[in-house]
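Per Swiss-Prot, the features are:
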BINDING   110, 130, 131, 132  fatty acid binding site
């Protein structure tokens, strides 16, 4: 089931993304730049190792993980968090746990809805929704 996510996805719609970035502590200049991007998300799997690569004109990022195993993650804006990604009920659930007291925790959920990949990003009371289609 999770294999259906593999491929390249182009962002077509975004709601509340700048508000989400503000909630998790992303700086103003980075927020403004990132809010206007239309990145491509590439999801790959090799054995039990998953890759989530994001490409944009601003920055390219790579995240690799094994489902259910906690790992150290450096977010695109440079924050360090403890993360774990699980696959439950047809959804990838990515939990970012804060390390410093000043940081915020976040939950990123991805699922397929028709021909779209839907991503929600939640922190505190802020929820962002982003929609992607296959390239």
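Heads up, the Cβ atoms here are built off N, Cα and C, so glycines get one too.
Other than 110, 130, 131, 132, the residues of this chain whose Cβ falls within 8 Å of the Cβ centroid of the fatty acid site are, in sequence order, 9, 11, 13, 41, 116, 117, 118, 119, 129. Residue 130 (fatty acid binding site) is surrounded by 22 other CB atoms, counting those within 10 A of its CB over all protein chains shown.
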